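*Asks:* Reproduced below are the annotations present in TrEMBL:
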DOMAIN    A:111-190  domain 'Na+/H+ antiporter MnhB subunit-related protein'
TRANSMEM  A:7-28  transmembrane segment
TRANSMEM  A:109-130  transmembrane segment
TRANSMEM  A:136-155  transmembrane segment
TRANSMEM  A:176-194  transmembrane segment
TRANSMEM  A:200-216  transmembrane segment
Amino acid sequence: MSHRARFAVFVIGVAGLAVLYVLAAFRLPDFGGRFHPYGERAVTSAIAERTKNVVSSVNFDQRAFDTVGEELILFASALGAVVLLRTVRREREEEAGEHGYGPADVFDALRLTGYALLPVTLLIGVYIVAHGHLSPGGGFQGGVVLGTALHLLYLTGDYPALDRLRPVPAFEAGEALAAGVFVILGLAGAGLVIPMNAMVGLEVGCAIVLVLTKFFEQALLVRTDEAGKGEGT
Amino acid sequence: MSHLPYLAAGWILLAGIFGMVTSRNLVHVVVCLSVTQSATYVLLLTIGYRKGGTAPVFSDIKPTGKVVDPVVQAMALTDIVVNATVTALLLALAVQVAKRRGTIDPDQLRPLE
């Protein structure tokens, strides 16, 4: 389909969508209105369960079974990304540190900041996971902090150190274990906000580390054997 | 004017779709898909907003305090997680396309061999 034909189809489709959407939008309840029946029930139920963060309560208590589905989406797409980015036969993977990704390229101040922030960031991640039922935060948010914290080591220019601190099989096991335990908790029933938060934190952290590992390998380590092709540095 | 936020969500949706249709770069397509999906965050939070309401976290307010709807906020959280994972998966696909075909322009790609 040519560009022009495709654009014409797009314009027709979008015009229809826009008209229907505007008509629908004006039939929706007023912005900022008072009528929130589900919200009020969720708040009442969360306070009865003493979960002060109602969003956590909805996700891990009232709708825990639905969150299992969300969790499995996360698991499946992390798995998909890892499978897609595996090293294929024509390629070979270099050892970390074969090239100069070492500390030499980075300012000392940046390196020190990275090393100093690593434990602090890990601590904040654990805090956000552990306090998810009381204050804003939870497993998903804290897991992202935990997963990205390790990559401060990459910012310090020390890819070999990141590689040593990040045993991939351990993270794979952690990811699978967390997903399995989460499914069991989700089937077990209500009122398990804290362990579910912890499992989600573990799983999200592991998934991020695994996916970023694969992207890093693609960018830094994987080379195609045919000379000159795929040298994407 | 009380329906303006709904219309803003629709506008973001259309802007994202426009970007995807006219894109010449697969990474750009993935980012446009993220933009499209962020329309749903705006829509969800708009539906849940209540005038004068604060965040639905009762650490430091009374249980009778007025809060916005927590159900749609939880859905927005789900939405963000799905968006992040889908983005990772699609970027992985873009990496493979770049490696196998040597281009990430969707127009240069032929149907499956």
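Placed from the backbone N, Cα and C atoms, the Cβ positions cover glycine too.
Automatic prediction, not curation, is the source of TrEMBL annotations.
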*Asks:* Take the transmembrane segment (A:109-130) and find every residue of the same chain, 6 or more past its ends, with a Cβ under 8 Å from one of its Cβ atoms.
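*Replies:* For the transmembrane segment (A:109-130), the sequence-distant neighbours (Cβ-Cβ under 8 Å, at least 6 residues beyond its ends) are 103, 137-139, 141-143, 145-146, 148-150, 152-153, 155-158, 194, 197-198, 200-201, 205.
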*Asks:* Quick one: mean pLDDT on the domain 'Na+/H+ antiporter MnhB subunit-related protein' (A:111-190)?
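*Replies:* Mean pLDDT across the domain 'Na+/H+ antiporter MnhB subunit-related protein' (A:111-190) comes out at 87.
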*Asks:* Residues sitting near the transmembrane segment (A:200-216): Cβ under 8 Å, six or more positions beyond its termini, same chain?
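*Replies:* The answer is 60, 67, 71, 74-75, 78, 81-82, 85-86, 125, 129, 132, 138-140, 142-144, 146-148, 150-151, 154, 159, 162, 166, 168, 171-172, 174-175, 177-179, 182.
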*Asks:* With helix taken as DSSP H, G or I, strand as E or B and everything else coil, how many residues of the domain 'Na+/H+ antiporter MnhB subunit-related protein' (A:111-190) land in each class?
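*Replies:* Helix (H, G, I), strand (E, B), coil: 62 helix, 0 strand, 18 coil.
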